[in-house]
Amino acid sequence: MLLESVLIFFNLLAVLSYLKFCNSQKHRPFSPRWWFWLVLTGVACSCAVGIKYVGVFTYLLVLGVAAVHAWHVIGDQTLSNVRVLCHLLARAAALVVLPVLVYLLFFYIHLLLLCRSGPHDQIMSSAFQASLEGGLARVTQGQPLEVAFGSQVTLKNVFGQPVPCWLHSHQSTYPMIYENGRGSSHQQQVTCYPFKDVNNWWIVKDPGRHQLVVNNPPRPVRHGDVVQLVHGMTTRLLNTHDVAAPLSPHAQEVSCYIDYNISMPPQNLWRLDIVNRESDTDVWKTILSEVRFVHVNTSAILKLSGVPLPDWGFRQLEVVGEKLFRGYHESTVWNVEEHRYGRSQEQKERELELHSPTQVDIGRNLSFMARFSELQWRMLTVRSDDSEHKYSSTPLDWVMLDTNIAYWLHPRTSAQIHLLGNVVIWASASLATLVYALLFIWYLLRRRRRVCDLPEDRWLRWVLAGALCAGGWAVNYLPFFLMEKTLFLYHYLPALTFQILLLPVVLEHISDHLCRSQLQRSLFTALVVAWFTSACHVSNMLRPLTYGDRSLSPSELKALRWKDSWDILIRKY
């Protein structure tokens, strides 16, 4: 909510700057004033997008209006071809290239200053985390780059949803019979665990050899190699077979193989598929390589389903073998986050090795564009909470003013602060939008019949006001119907601002063009004064609820519930 006022400021600054630029275009194109307002338009648009992604709606609106004006410039026969080209290049540079560069500059400074690890790094990829000072960087620095047979690794799922997690196993087994009556293999559980744990370590084993240590020199694992993954703490091999997964019966169960001597042979061979490889001979690299594990026997792909297991699975996330998978999805992709070369063949010594930290000596860094791109993608896709909020609302509630947000309540008195709409302003803004739309259609139909009620300059001004004000309301409001995020009343404020700007445009038009006589103008002026007085009265009446400047008695608070009284009256009659 605290960002909304700054967003509105830059939205309006972009529109104001463009209108100033249009006025300069009529009188002195390419003058310093002309350039100032054009450049300021581009900078204001990039600032709006930089504050919140929804600022892109106003940016697209300004670009659309500018494109129409550029089209008129192209058709202006009084301008030479060189002059037209200069106009187009100036607009492209100031309204497209400059905003992109300014936006990049914001994040260049952001990533330059915020270079240390923080509490929410886990939503980012391992490579991004390793590029920050402290945190994961202290763990991953000095790790061997190339994964070899005998390497000890932790495998993080690239998808990172619902939470970042690592391939994990423990000594507990799947229950013999599930709650729905289906049976399992009763093998050792394999899950995805959202915390660092010693049970996240796996050893990359060569199927043709028994040793679990790295040779000297190390033999790197390459794209297409067949490997076995041995769980470090239990030494059991990662396995999948034709048994339905616990919560995803269309997929195969993934387990660590236990020999119960019941004619269920191990199926523990996996083919390594490096997704982001440059050639078919690429080596599996720590952090950098994104890999898939394809089961040799069944062609199933190791996948995070993301479904929390019941209590018997300690609420950890289900991992399955997906047989019907088509195409690429991050839930099937893993990367090595922590890596060391195994040195001991003995189990007890190896367990001590897994508990010990890795050596620290070198660091790795991502390029700015790689970090910038990942950060933008995470901001667009990561959701912190899917639960319904107490004060969430729908876009229809905003127009009808059927919602509010309570920000603060005094612990001892009834003083409180709410986000409330002034019903007079709210209804007037909506009415102005409706009146504008009806008048615009009426004038458009009459112009089609060659009846021009407005002079050409007045008509163009009327159309431009509607494009920026009514258009600004539409582009900042209608997209919320398509969003699946949790919405609040304050999301409507940028759209409402454009609606309120349209209100004086409509009032001026009615006064100048629809009120024919002096008496009509006087009556209309009286109505406007009465409207303004009632808006001020409502604002003053709601002041204790919007500013929390004094306590309210129960009777005073009840008297302000005008909508409840109105609903009761409607139901009664």
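Our numbering is plain: 1 for the first residue shown, then up by one each step along the chain.
A Cβ is built for glycine as well, from the same backbone N, Cα and C atoms used for every other residue.
Positions annotated as domain 'MIR' by TrEMBL: 144-207 (among others). Confidence for the domain 'MIR' (144-207), expressed as mean pLDDT, is 91.
Per TrEMBL, domain 'MIR' is recorded for 218-275 (among others).
The domain 'MIR' annotation in TrEMBL covers 279-339 (among others).
Residues or ranges marked as transmembrane segment in TrEMBL: 6-22 (among others).
If you look up TrEMBL, you'll see 34-51 (among others) marked as transmembrane segment.
The transmembrane segment feature in TrEMBL is assigned to 57-76 (among others). Within its own chain, the transmembrane segment (57-76) is flanked in space by residues 11, 14-15, 18, 22, 25, 41, 45-46, 48-49, 84, 87-88, 91, 95-96, 99, 464, 467-468, 471-472, 475-476, 479, 494, which lie at least six positions past its ends and keep a Cβ under 8 Å from the stretch.
The transmembrane segment annotation in TrEMBL covers 88-113 (among others).
Summarising the annotation, TrEMBL assigns transmembrane segment to 423-445 (among others).
For 459-482 (among others), the entry in TrEMBL reads transmembrane segment.
Residues or ranges marked as transmembrane segment in TrEMBL: 488-510 (among others).
The transmembrane segment annotation in TrEMBL covers 522-542 (among others). Listed as Cβ neighbours of the transmembrane segment (522-542) (distance under 8 Å, sequence separation of 6 or more from its ends, same chain) are residues 420, 422-425, 428, 507, 510-511, 515, 560.
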What stretch in 6-22, 34-51, 88-113, 423-445, 459-482 has the biggest tally of Cβ pairs under 8 Å against the transmembrane segment (488-510)?
459-482
Composition by DSSP (helix, strand, coil) of residues within the domain 'MIR' (279-339):
6 helix, 27 strand, 28 coil
Same chain, outside the transmembrane segment (34-51) by at least 6, Cβ under 8 Å from its Cβ: which residues?
3, 6-7, 10-11, 13-14, 17-18, 20-21, 24-25, 28, 58-59, 62, 90-91, 94-96, 98-100, 102-103, 106
Based on Cβ pairs under 8 Å, which of the stretches 88-113, 423-445, 459-482 lies most in contact with the transmembrane segment (6-22)?
459-482
For the transmembrane segment (88-113), distant same-chain residues with Cβ under 8 A (at least six beyond the ends):
30, 35, 38-39, 41-43, 45-47, 49-50, 59, 62-63, 66, 70, 73-74, 368, 371-372, 375
Using a Cβ-Cβ cut-off of under 8 Å, list the residues of the same chain that are 6+ residues beyond the ends of the transmembrane segment (423-445) and lie near it.
399, 401, 453-454, 459, 462-463, 466, 469-470, 473, 496, 499-500, 502-503, 505-507, 509-510, 531, 534-535, 538, 562
The domain 'MIR' (218-275): DSSP-derived helix, strand, coil residue counts:
0 helix, 26 strand, 32 coil
